[in-house]
């Protein structure tokens, strides 16, 4: 699912939020861990916050690793319809289970040279051992974990400050 939110041509930057496998189930999947907010709730809040900062924000969710990689390439202007121009200034990504398994996702994020924030709803370091390893963290500008869905708010605020500072 791709949702685009454009406010006007005077925006100063753009953010892409990518949500990986099973995040479409937010609100119903293990609410004791992930909370009761739906993905739509999270996306709406993030769009509103980005707009208040004068930024555009797009969202994308897929349960398929290749689709996520394609969307990352597209953000940088690559792919079948790519024009070679970067369309996104920052990425906020909750890769879900791909955090612990996907070298391809790591390579895509590294390859496009778009700065990114890794964001997790739960504290992955306080969970099962296999969730403690991330293939992305050492490449991320920042990592947010354990703040619930507020982590997206923190990420958008952080990115907005970076964009305004020209970083």
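Each residue, glycine too, has its Cβ placed from N, Cα and C.
Here the structure is a predicted model, which means the values were calculated and not measured.
Taking the Cβ of residue 34 (active site, proton acceptor) as centre and 10 Å as the limit, one finds 19 other Cβ atoms among all the protein chains shown. Summarising the annotation, TrEMBL assigns active site, proton acceptor to 34.
For the recorded site, residue 120 (active site, proton donor), the DSSP three-state label reads strand. For 120, the entry in TrEMBL reads active site, proton donor.
According to TrEMBL, the feature substrate binding site maps to 94, 100, 107, 121, 122, 131.
In sequence order, 22 are the residues near residue 29 (site 'Transition state stabilizer'), counting only same-chain partners six or more apart with C-beta under 8 A. Summarising the annotation, TrEMBL assigns site 'Transition state stabilizer' to 29.
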Problem - Winner by Cβ contact number (other Cβ atoms within 10 Å) across the recorded positions 100, 120, 131 - result: 120
Handout entry: residue 34 (active site, proton acceptor): secondary structure state under DSSP, collapsed to three categories
Key = helix
Problem - binding-site residues clustered about residue 120 (active site, proton donor) [Cα within 10 Å; pool: 94, 107, 131] - result: 94
Fill in the blank from the handout: In all the protein chains shown, the tally of other Cβ atoms within 10 Å of the Cβ of residue 94 (substrate binding site) is 27
Practice task
Please report how many Å separate the Cα atom of residue 107 (substrate binding site) from that of residue 34 (active site, proton acceptor), as a whole number.
Solution key: 27
